[in-house]
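Working notes for the structure below.
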Amino acid sequence: MSMDSQLSRSCTESDLESMLLDEAMEPMALPFSLLEKITNGFAYKQEIGKGGFSEVYKAMLKNEAVAVKRLRNTYMYENEFQREVECLMKVKHKNIVRFLGYCSDTQGKMQRYNGKLVMADVQERCLCFEYVPRGSLDEYIGDASGGLQWTTRFRIIKEICEGIHSLHDINIMHLDLKPSNILIDDNLTPKITDFGLSRSFEEMQTRVVASKMFGTLGYLAPEFTSGVITHKFDLYSLGVIIIEMLTGGKECQVIENILESWDKRMHQWQEHSYREQIRVCAEIGMECRNIDPAKRPVSMKHVMTRLHETESTEYSHELLDDCPLEHCFYPEVSESTLCWLQLTNKTDEHVVFRLMKSSGNSLLWCSVHEMYGGVPGRSSCTLIVTTEEKKLAQTSGSYIVLQSSISSDKNVMLLKDQYACTKFFEEAKELGREVHEVAIKACCTPRQREMASEPNFLKYYEILSSMDAHPTEPWIVIGCINGNVTVWNHESKTTMVGCIKFDTTKKWIVSGTADGLIHVYDCVCVTQIQKIASFKTLDSFLDVSMAIHAVKPYVLSSSMELWDGDKGWECTHKFGVYGMCKLAFNPEDTNSFAATIRHYVEVWSLDSAEPDYTLNEHSDKVKCLAFFKRGDRQYLITGSNDCTAKIWDMQKRMCIHTIEGFMSPVMYVISLPGRPYLVTCSNNDTIHVWSSVDFRLKTTVNFSGSGHVRGIVCLTGSRRVAVGQMSGISIMDIDGEE
């Protein structure tokens, strides 16, 4: 058994899965037994690819998939295998398939030799990579008449170049570039793979002469016959790929013919923006395919510069398709109601938007608060717009204006308030970037009376300060800033007198008030709620918070005091000297809880005098936290004033993923039990729904036009989320198929 096998004994399936979520983790030695297990013994049905020297298998972990490449014993020698692993260990780039680990085991197996059974050493060499689900680039190559849009093709070309540039920058030559060695992920991001023929040059080395050359005819540079390898070798292969992306074939064509074929597909409004990009890509493709390496582009950096120079900032067509949906709630005739407006970004870029009243147009019946935000490429955002029907007769033909403009990720991150958004659009116009404007006619259709019995929005006349949902009953408890409380049955749309936190162990409702008091009510019958206890805590009126234990009659106040209902609400434990904490009991370990302390999180046991450990990677105050399960492991999500949310592995006690892209501090986070979703709400009243499997964004809803969000809770059934605002509650369905 090899040394790598001995070193890799401790690597488990869970460790491999954690690597997928934590990009900072380095590739590791993997035991052959693990790879054999997750590929079902390298079963034929798991095979997803086959080359001249290897087979590739899809391997299933508990929650994720990886790709395992098994090299044939007759091909690889130890030096060649070590060289490939060495190259892969150096490479880290978003356009290179991520390398997770390697296996170089020697197995003793009985084999027949000259008619006799003998013990033979069989070497097993495997490589493990991230699984890229959408096949290879050759499945997407087509001519200009169909297939991928030009913006997507250009982005793929540019990102392939970025990947090659990252290799050349660390003196690695791929030497086998072709569409089948470029994989495509769910976001249509290209990722270069297969480094079996790659070479790593020394620091000052510019060329090498190989005694044998392998590769694919049609993509191999002509100098392969002499065995001379320089960085220009990969450029030739790149040129073939670019021409294929433009025309669907490898044959060189006249550039004007390529442009003409694309003119037929482009709309007139697109020609000016993209024609120059197509021309430059065609020129680069032709130059890279020059038989003389000296006449190819100087370097990949030179190619990248030319591509960046062609990127147009003018996008004359609509960046966001808007589709008004339906009113979510129909109150009394003279009251406000909510209208849903969905924006769909069909481009590959981030789009910043602003929704506002039309200048010079008095929007008498439609009360619109200026809304702003960003919509990531190929995604949707739903805006909640407040309208008012009582003045409908006084106006007709009113308009609201939707502005939009392409932005980089960096600019999106800087838009943390309305002033920054206004400045963004002003600078965009000053710099000559197009700001697209759409006038949306604001119409109000008379309500259908029979629909009033099925609202999914509850309006009331007091300012909401906090809320909670019962885990088994269809009840939402609402606490208002003036001290009044309400329990709402969100199925029957009826209200009852009540309070603010549910304790299912004793059927109690527990509320915290601004003066630091906690009140406990008996809630056996929801129509007759009776106060049974009150006690004083050290909580400040600025940030009342508490957590309810799932099995025992414990209340943990934000001053980190533990109160026991079985002991007459005696304070039985004081944890630390902190106050103003956000708290959550661990549902998988009822003796444990987590508390936010400034910019970090402490994890405590109920019987400890000191925290068990600290989670510390946020750069600003942690505002919220929630536990969730992923497979059989427990995780924690935290939101912070640093405009990020972080995912923590509670077993490894470390951050494994950071969710970025929020435009303001993350104020609320929840998980949906039994469903693979996490929900966050940032201070600009934008709700994001994320996958708890790969932490990708599923959908966005912007509530800034209908009142400040004061809380989010998961309702019974785990499909619905209640969003509490200053003057109402909206119910969102989280559709598992979206």
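Yeah, the Cβs are placed from backbone N, Cα and C, and that goes for glycine too.
TrEMBL: automatically predicted annotations, no manual curation.
Annotated features in TrEMBL:
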{"type": "DOMAIN", "residues": "42-320", "note": "domain 'Protein kinase'"}
{"type": "BINDING", "residues": "LYS69", "note": "ATP binding site"}
{"type": "REPEAT", "residues": "615-658", "note": "repeat 'WD'"}
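The DSSP secondary structure for LYS69 (ATP binding site) is strand. For the repeat 'WD' (615-658), same-chain residues at least 6 beyond its ends with a Cβ under 8 Å from one of its own Cβ atoms are 14, 17-18, 21-22, 62-63, 413, 416, 582, 584, 586-589, 594, 596-603, 664-671, 676, 678, 680, 682, 692-693, 695. The residues of the repeat 'WD' (615-658), classed with DSSP into helix (H, G, I), strand (E, B) and coil, number 0 helix, 28 strand, 16 coil.
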